[in-house]
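*Asks:* For reference, the structure I am asking about is given below.
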C-alpha cells in the first residue's frame, strides 16, 4: 500500500475500503467508518455513535479527517457554485459545482424536469503547463493535491448541497492543474470515489481532461480504470498549439493522437476533444477542415468552448456565428460536435478562469462552517 500522506496523521479519505480493513480490527469497522464518511458525511470520529469509544479514540489519535476546509462559496445566476478551499498547509484552490436541468417527455406525455450535477475538481494547486489562455497558469505551480484532498472536494460539495450519497453526479478533472501530471493521486481518488460501499461514482462517470502528456495517456490506458478521456487540443497545427500550450513542444499533436488511438474506451463512449475557440486565432473553417482530418478514424466528440475573458489576457471571445459555422461544418461531415454552454462566468468559475489567488470581490458569497 503506497499512500503519500503529507500530514502528521494520514487522512481516512485517502484509503480504499480493503486498505482500511487491513489496518482496523475487527475488519467490519472499516465498513462502518466508510458509511459514516460517505453516507453520513461525518468528519468527527466522536460522533460515529455505532463504534466503540476505544475505536473513536484510536481514529482520532491515528488519523485525520478534514484536510481541506471550505472558506467561501460563490453563487452564479445560472445555479453554478464556485468553492474556495484552504488546505492544511495554508494554500487555496477552487472547484466548481455545475447544476443543469433537463426536460423530457414522460411515458404519459407530460414534461418531466430533472437536475444533473457535475463536479469540476482540481488536481493541483496551480499548474505547470502554462497555457497562454488559462488564468490558473498565471499563478504558477504550488503543489499536487493528494488523493484525500481530491476525494474530500466531492464529499464537501455533496454535503453542502444535501445530496443523497448515491445521487448520480458526473466528475470532471478539469479544475486547477493538469491531472496526468498528478496521475497517481488522481487515479487513486477515482478508485476511492467508485467504491461501492462509499459514494459509488462509477469510473465511467469520471472524465480526466489532459493537455496531452503522451506517456501519461499511455500509462492511464494500461490501468484500464474505465475512466473517460478528454484531450485539450485547441489547435490543429503544432506551431499554433505550441504557442497556446508550451507542452506541445515535448508532446506534439501526432504523439498525442497516437496514444489516443490506443486508449481503451468503452464501446458506448467517445474520446472528447476540447477545442477552445479564440477570435481570429483558431475559429475559421480552414481550422475546422484540418480538425476533421486529424480526428479521422478516432471515435471522437468535439466540444467547442468559447474563450472566457479574464484579467491580463489579450485574447477575445469569438463571434457566436463563427462558432456555429465551425460546428455545422463538422456535424455535416459526420463528426459529433457540441458547443459548450459556459457556466459560472459571472463568478469566474468557467473554463480557464480558476486561480489560487483570493480576490476581494463584491460577489454573493457565504462562509461555510
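Placed from the backbone N, Cα and C atoms, the Cβ positions cover glycine too.
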*Asks:* Same S-adenosyl-L-methionine site as 177, 178, 232, 233, 234, 308 according to Swiss-Prot: which of 200, 209, 254, 287?
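*Replies:* Answer per Swiss-Prot: 209.
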*Asks:* Work through the binding-site residues one by one (127, 177, 178, 232, 233) and name whichever has its CA nearest to the CA of residue 94 (active site, proton acceptor).
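*Replies:* The answer is 177.
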*Asks:* Which of the binding-site residues 127, 131, 178, 209, 233 has its Cα nearest to the Cα of residue 120 (disulfide bond)?
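*Replies:* Its closest listed neighbour, by Cα, is 209.
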*Asks:* If we count other C-beta atoms within 10 Å, could you say which of the binding-site residues 131, 233 has the fewest?
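*Replies:* Sparsest of the binding-site residues 131, 233 by Cβ contacts within 10 Å: 131.
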*Asks:* Which of these binding-site residues has the least crowded Cβ, counting other Cβ atoms within 10 Å: 209, 232?
*Replies:* 209
*Asks:* What residues, ordered by sequence, lie under 8 A Cβ-to-Cβ from residue 178 (S-adenosyl-L-methionine binding site) and sit at least six positions away in the same chain?
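*Replies:* 123, 124, 127, 128, 129, 210, 211, 213 - these are the non-local Cβ neighbours of residue 178 (S-adenosyl-L-methionine binding site), listed in sequence order.
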*Asks:* Tell me the Cα distance separating residue 131 ([4Fe-4S] cluster binding site) from residue 234 (S-adenosyl-L-methionine binding site), rounded to the nearest angstrom.
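*Replies:* Cα to Cα, residue 234 (S-adenosyl-L-methionine binding site) and residue 131 ([4Fe-4S] cluster binding site) are separated by 10 Å.
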